[in-house]
Every structure is written in structure tokens, then in C-alpha cells.
Number of protein chains: 2
Amino acid sequence: MIEDKNTPRTQLSELGEFGLIEHLTQNFTISQPSTLYGIGDDAAVLDFNQKKCVLSTDLLVEGVHFDLAYVPLKHLGYKAVMVNLSDIYAMNATASQITVSIAVSNRFTLEALEELYEGIYAAAKLYNVDVIGGDTTSSTSGLIISITATGFAEEDAIVYRNGAKDGDLLVVTGDLGAAYLGLQVLEREKQVFKVNPNVQPDLDQYSYLIERQLKPEARKDMPGLLKALEVQPTSMIDISDGLSSEVIHLCTRSKVGVNLYEDKIPLDPAVISTSEEFNLNSTTVALNGGEDYELLFTIDQNDYPKIKANPNLTVIGHIVDEKSGIGLVTRANEKIELKAQGWNPIKE
Amino acid sequence: MIEDKNTPRTQLSELGEFGLIEHLTQNFTISQPSTLYGIGDDAAVLDFNQKKCVLSTDLLVEGVHFDLAYVPLKHLGYKAVMVNLSDIYAMNATASQITVSIAVSNRFTLEALEELYEGIYAAAKLYNVDVIGGDTTSSTSGLIISITATGFAEEDAIVYRNGAKDGDLLVVTGDLGAAYLGLQVLEREKQVFKVNPNVQPDLDQYSYLIERQLKPEARKDMPGLLKALEVQPTSMIDISDGLSSEVIHLCTRSKVGVNLYEDKIPLDPAVISTSEEFNLNSTTVALNGGEDYELLFTIDQNDYPKIKANPNLTVIGHIVDEKSGIGLVTRANEKIELKAQGWNPIKE
């Protein structure tokens, strides 16, 4: 947050649109066999051969989805890619390409955009996706990032939201709630910084939470793991808006109910301790926090032995019929209706 | 521009993100065989079978790409789709799907977004593309539209920018410069309106120009026509930033030069008369105006007999070797270097 006055500051207008795109994308190379042609023409050309193409898109807006006061641009670029790849993995597909469009106000320098693209580049490289196109323009205020991700899968491997059936087990990857608490910690530090910019905060104990917020990882490993375990989920969704919201989506689309067990929800010890510190209920944090980018899916009961030994997978409930409702079974063994209080980007 | 106080005004926050998406997309139906699954899951699922997938994306920002003072939202929705489809046709491909993401500030009501989506719907229907996804969020200021378009083609039908060769003919569809003049007329009327809101302008003589600006049509007909004529262009690009800029792109990517003949550039009579009225050179308008969404392509000389009778196609020059340069041959038969003065969205 401390501005280095010696940082070079190149005005975007010096390059123009085509110069800017060329400059920002010069390090991007093509490595996916399905990319026949990437950046440089009216459109990219992709070859999914016998496989089906999956496609998803997301829009991130400064002041709505991120606050540049505590999100470094490099992390933002990385996260913007993760948000999109997560949707591809949630189809049980392999992510292969992204397009990146940005609108920036003229308070951004070339060096700032280079940082953003460094993060995008790092994510694309690590997740083995090609950057195949995009658009670069100015905005009247702030930064807007629009990413479209494509991927591929065999038709019978694709998992939709609507296939859960009575008796299936509800499974979640990783642990939940950390990204939300990371945001709370960062928000608190921002307030402290406003009062006294010379305070150097000690954030060591929150490092896992902050990393989950600033540098989330999408579950690239899951489609491969599920295939290796010979488990075909009956339904799947990624957790971006909070567990509650996603459980409700899965159940509504599948026309089923669920018993979700509070005591089964996987929480990192830092989530438990920091929830206490912030006077928050850790279950509420896990249910409604969002931005975990874990996967939530259902499997047939017969597949349970295949997954039970895996430390990345936790059974948190089971599917019941639609009439039984979408319920949370509390630690006190009461069933209460699950409500979505997840984050809503459409608000005043 | 006159506000109707009786228009219903539903606040977007009343619906929330998912309610809003559902509401806005409820009329969209799937008609493309290549769309296996559209809106409603983490990602859409597409099947291009043996064909190759082409994919392009564009970002339109209020105050940069459009001014809502004179662009009706319905037209804006239509045009936003055209801008993207034009890129697909420029690959000599069939457009088949789009995703539409929007960010809106809370000064937009549900009814305003409905108008925008009416235009998108009209375009999608007329051009036979499915709306398969998108994202809806709030913005801190103004309206941002991000569209990604996909399409398909046989691999050997796809036309890139880089295939023009010495001796090829340079061909353009339709006529040029009208959209730019339409914008000049609208800008002038906006100024008049500011001074006296009661003036009802008579815009009849400018109707072609205004229509080209507000409701451009992409050249959906061209891939089919070229196939029917048995003409495979050697290079192709769409004209969004102005003829000059696109000619330079084609030549640079193909490593060739060109002789472009000023007197061959197709101009509508309204372009000639209105250029005079605005004290503009009509050649400059056609070269640098932009937003025509016509196609520019090169063909082998041997294909000339196949296209010469077509009123939609005009030969405006021929490709020369790279050393001979990218030149405009003026009416006075002088060859001058062609310069791109097209519109640049990255400026202060």
C-alpha cells in the first residue's frame, strides 16, 4: 500500500489498443493440442475433436468483486482465472483455454497491467490453459475483468447440477470458510492502516486464510482423481457463493432434498479459531462465506468405499426426497431449513 | 430522451443475481444442434462434432463505446451482438452461440435491462445463435457488456488474416463510412437537444446513416455466399476500426503490400452528401470511420469472374509485394502511404 515513487509509469495511451494487447500477451505461448490458433485474428480456432466443448464466463468488477486496497494486481489476475477454471472443473472437464478482456481507467499504468497479466500468466501456466484472445479497452472508472474459459470432456463424463438422486451421498472437496475469513482479516487491516499507516501487521497466524482469499486454487485435480477412483458423480457444482447456496442449487435443479450434517462440514483449525476471534459462528462462515472454489458433488452410495480413504473428500450429507426438504442437521440433531445467505453481487 | 415518469421501475436488488439472470433469459430458447446445454449450469456444453470451433470476445463500455443519451438500449443490445458475430463471419464460419455478461450500476432498472435483452434476443433470433450463458453483476458506474461468440467451420474453410499473396484482389462487402456519419449526426442532435429539448429533429435524410450506426448488421450472408460462388478467400478481416486500419492488419499479417484505389471505395450517396455537409472528405470517412461491420478479404485473381457480377462485393485494390508498401492510389493517380487513424479505445 506504500507507493514507490520510483516505479516507472507508462501511460496506456502511449501504446494504443493493439500495441497494448501485443505487449501484454507477448509471453503467452500455446501448449494445448486443442488450440489451433490463439491470439492474433478475428477469432481463435479450437479443435475439440470427438470431445464436447464446455464454456463458461465471468465478469469481475472493481469495487464489487475486489478492492485494490488489499488485493495485489498479480493475485487478482491469478484469482480471476481460478474463478473461471473452477466452473470448468465443476463440469468434470479439462480446462484448456481462456480469453481475457479488461477495461481500465487511465489511472492504471502499463506497469500495473503487466502485474495483472503476470498473475494471469502464472495461473494459465500452472493450470495448463492457453490464453487465446481477449479485448482491451478503457473504462470511465475502475478495472473490469471478463474471462471466458473453455474445456473439454467425453460426453458421458460431463456432470451437470441436476443428476442427484435420493440416497446419494453429498461430498465436498477441501475445507470451507477460510476465504471469507481471509477477507475479514484484510478488511480489518485496511481499517487499521487508515488510522495508522505505519503499523506493520503480523498476519502469520492468518496466512492460510489470507492465501485462500487472495490466491485460491481451483480443483484441477478432481476430474482426474474421480476418473482414477472410477467415480462418476451424479451431480456437481463449484462453491463460489457459499455452501448453502450451492447445496440449494444442486437440490433444486435435481428436484431432491438433503440432510446436511453440521458436524461433518470440513473446517481448517484456523477457521475455527479466527471465527471465535471475530465472534462469528464457524458453521455460518462455512455455509455462507463463499469464494472457496471447492467442488460439491453427489455420488451413488455404492461408490462410498472408493472415496472414503481420500483426505481431500468429505461426505457431509445425503440426498433425500424433495418433500423432505433441504435441511441442515445441527450438532444438537435438529433439522432446520437451509437458507442461502451467500454473497449477492446485485445489490444497492 | 424524454423520460416517461409512468414507466414502471423495478430495482435490480429486488431480484438478486440468480433471479435477474433467470428473468432476463427466460425467453431464450436453444435452436442450434451444436448446443447440448445452455444456461443453467456451471458451464454450457457444445458439440462441434468434426468441425472446428471459432471463438471471439468483445467488451463494450458505457462512455467509451456508446453513449446512452442517443443509443436506445434495445439497439445497444442488438449492436453488441453484431460486433461479436462479425468476428465469427470474418473467419468464414457459421456463428452458433453467444454468452452475454453485463455489469450495471443501480441507476438501471429491471425495465431498462429488459430493453437491452430484447435487442440481444432479436439479434440472436435473426442470426440464429443461442444465448448459452453469461454473468450479471453490479458496477460502480455505468453499463459494461461483455459478449463471447462461438461458431464453427470445416478446417479448410477457415480464413485467417495472413494468407493474402501478391496479385490477389482486395474485396469489400457493402459500403463504407455510413456508421461514422450516423454518429456525427447523432452527436450534433445531442448538442441541439441540450440547448433546446423541445426541438424535434427531422432526421429522414440521415436514416440510412443512423441505422448503420445504431443497428448495424453483420455479414452472416457472406460465408454462405462465398461457398455458393466457390470462392475461398485467401485472407479476411471484419471492418470495425475503419478500412485503413483493417487493410494494414491484413497486409502486415500477410507480409504483403497493397494498391488500394480511392475511386473504387464503395460509398452510399448519403455518405457523399453528408460528408459535404459536415465538411469532411468522404474518402477519409470511409477509410477511418469504422463500425461498418463489413468484411474485407482477398481472393485469387482467377476467382474474379465468380464475384464480379455480385452487387454486394466491390474490388477496391490488389495485393503487391511487401516492399511496394501499403498504399492508397488517389483519384489524381498518386500513390500515398495508407495510415491508420481508426478509433482507439485506449486513450486519455
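Using N, Cα and C of the backbone, Cβ positions are placed for all residues, glycine too.
Note that the coordinates shown come from a computational prediction; the quantities given were computed from them, not determined experimentally.
Here TrEMBL has A:Asp42, A:Asp87 binding Mg(2+) 4, and the candidate from A:Ser31, A:Ser56, A:Ser96, A:Ser101 in that same listed site is A:Ser56. Annotation note: A:Asp241 (Mg(2+) 5 binding site) sits in a coil segment as assigned by DSSP.
Summarised by DSSP class, the composition of the domain 'PurM-like N-terminal' (A:40-152) is 34 helix, 45 strand, 34 coil. Among the binding-site residues A:Ser56, A:His65, A:Asp87, A:Tyr117, the ones with a Cβ under 8 Å from a Cβ of chain B are A:Ser56, A:His65, A:Asp87. Rounded to a whole number, the distance between the Cα atoms of A:Glu291 (substrate binding site) and A:Arg161 (ATP binding site) is 19 Å. For A:Gly134 (ATP binding site), the same-chain residues that are 6 or more apart in sequence and have a Cβ closer than 8 Å to its Cβ are A:Ile21, A:Thr25, A:Ile39, A:Thr99, A:Val100, A:Ser101, A:Ile102. Spatially, by CA atoms, the binding-site residues A:Asp42, A:His65, A:Asp87, A:Tyr117, A:Asp241 include one closest to A:Thr57 (Mg(2+) 1 binding site), and that is A:Asp87. In terms of C-alpha distance, the listed binding-site residues A:His65, A:Tyr117, A:Asp135, A:Asp241 place A:Asp241 closest to A:Asp87 (Mg(2+) 3 binding site). Rounded to a whole number, the distance between the Cα atoms of A:His65 (substrate binding site) and A:Asp241 (Mg(2+) 5 binding site) is 12 Å.
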